[in-house]
Structure formats: C-alpha cells, structure tokens
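Taken from TrEMBL as is:
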type	residues	note
COMPBIAS	1-10	compositional bias 'Basic residues'
COMPBIAS	46-55	compositional bias 'Basic and acidic residues'
COMPBIAS	56-65	compositional bias 'Acidic residues'
COMPBIAS	98-113	compositional bias 'Basic and acidic residues'
COMPBIAS	147-163	compositional bias 'Basic and acidic residues'
DOMAIN	81-158	domain 'Casein kinase substrate phosphoprotein PP28'
REGION	1-113	region 'Disordered'
REGION	147-177	region 'Disordered'
C-alpha cells in the first residue's frame, strides 16, 4: 500500500502534573534570579520588604501566565511599536453600560446624512436653497400664465354673452315688426 503521511504519527501529550512541575521550576528559577539581583544591589535586610517583594513577584508571575504567549522570537526581542494596541480584557464589573455608546463609522455617517437632509429640507421650505428659488420662480411664471388664461377666458365669455344678447335683440326687433 501507500506510505502514510506525517500526520498520523504518535502524539505525545504532557500530563497536568508535568505542566505544574514545569511552572514551579520556572517560578523557582525566577525567584533565584531575583534574589541574586537583590543580593548584588545590597539588600536592606528588612524581612518584611523581602517578603512583600516575594509575594508581589508571585502575583506578577501569575499575571504573566494569563498574558498571551508570544510566538517565535517575540519572547526574545522586546519590540516597542507605538501603533500596536495591547488587548486588555475587562471584567463584568468594570463594564460601563450606562455610558454613551460609541458608534461605528457607518452609523455616524448615516446619522450625519439624516441631519444634513433635515437641514436642507428646512432651508428648502424657507426658500433659501437654489432649488427652492428656482421652484418659486417657476411657480410665479405659471401663476402669471394661468391669470392671463383666466382673463382671456373671461373676456371671451363676456364677448359671447354680448353677442348672444345682441342676437336676441335683433331677433326681438325683427319679431316686433
């Protein structure tokens, strides 16, 4: 048959006890290094301060365990990138639900569009926009045309009435003879 790929080979799993042992060894190693540094700096000899520093070291190490594991050479080289944002997790008690909610860019743009449309409509109704001025001028021209057409109709109607009256007079005069 065919040769199997590399993916099916035996896997090695570390037990939780081995992981705990490794963590303890790392903590012990860190403590020894700190003690050597303190010894070289010249310890004050105050046992309370030493105990506090050991306790704070343990809490710092616990915090480091929760931080993201660095990939590749990130752990070896300290990089100071001002653009890099370190993600911090917030506890539920730290969340501010009552505060103002930050809007996304699209939501902000949509709100700005609506406000601009409302402002334009107010200006349009007040007759201050170019389109409103053009509409009002067009309406004025149409009103004049309608008034002229109504006046002409009225004159034509009067002329018809007068002609009808004149025709009736002639008819009545002719009948009277």
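Every residue, even glycine, has its Cβ placed from backbone N, Cα and C.
Automatic, uncurated: that is what TrEMBL annotation is.
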Based on DSSP, tally up the residues of the region 'Disordered' (147-177) by helix, strand and coil.
30 helix, 0 strand, 1 coil
Go ahead and report the DSSP secondary structure tallies for the compositional bias 'Basic and acidic residues' (98-113): helix first, then strand, then coil.
9 helix, 0 strand, 7 coil
Mean pLDDT across the domain 'Casein kinase substrate phosphoprotein PP28' (81-158), rounded to an integer, is what?
89
